[in-house]
Ligand code: PAF
């Protein structure tokens, strides 16, 4: 039903209703921003809305827990869902419309199209979660086409995802400008994430070790230590701190995600980490200071 209220924000569930609202704003000469999310919102998501409001006049937020980006055994069925709460937060943050489609609106019977960005998706989370970025590329391509927004904002916490989305928008001539928003952190350095809520109190106390280990490794690489050695030490520090398994700690070029072997790196570089703590898989990344300058 078009125009129904969830919390305090106007909510639409059909692509036709989304397009009608966006085209109406554009006919008035307004620029439209898009902030795709899977819900379970935290301050990091609200900062995406704030970033979109800097660049555009009206912001459409989306909430869709996309089944095609979850692997077998991942948390699709248990992913937190609370649309009323999220809708109220989005309204307070200044979003004008929520697009929250049901699965059959996004993937109707007979849906058969895949979107795959090769190269960028082979490493880091792409290697640890096979198929994940194919699902992300598929749903984001659809959301960008559905909304026809002037700009769309994605968080830099998912840096690889942002790189994949920039590439697909460029390759597929999608005219929406893709903007990144900086990572928001808790006071102890933990990057904000919907999955932080899976942590027990003890695990929550351990979790900031990820940002600490990446910060230390980045400083070492900036100082001339071989990236492979610094990353191996960071991974060992995570195991020692209590992380159950480390998917990767890796230093890569910021844009191409090519591996970095030299220290200090010749081009802008970032250090990336992903590790499991209890039920949660935490990811983080940060720049190698001074790299490529
Ligand atoms: O980052 C996310 O929340 C999701 O991967 C996205 C971009 C909304 C696609 O489902």
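Every residue gets a Cβ built from N, Cα and C, even glycine.
Listed in TrEMBL for this protein:
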type     : residues                     : note
BINDING  : 38-45, 155-158, 184, 192-195 : ATP binding site
ACT_SITE : 45                           : active site, proton donor
BINDING  : 69                           : beta-alanine binding site
BINDING  : 69, 161                      : (R)-pantoate binding site
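Positions of TrEMBL features highlighted on the structure.
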| residue | record | contacts (Cβ under 8 Å, 6+ apart) |
| --- | --- | --- |
| 38 | ATP binding site | 63, 64, 65, 66, 79, 194 |
| 41 | ATP binding site | 85, 86, 89, 90, 194 |
| 44 | ATP binding site | 155, 157, 181, 183, 184, 191, 192, 193 |
| 45 | active site, proton donor | 35, 37, 89, 155 |
| 69 | beta-alanine binding site | 131, 132, 133, 134, 135, 136, 138, 139 |
| 156 | ATP binding site | 162, 180, 181, 182, 183, 285 |
| 161 | (R)-pantoate binding site | 125, 133, 136, 154 |
Residue 184 (ATP binding site): secondary structure state under DSSP, collapsed to three categories: coil
Among 38, 41, 44, 45, 156, 184, the recorded positions whose C-beta sits under 6 Å from ligand 1: 38
Other CB atoms within 10 A, centred on residue 184 (ATP binding site): 18
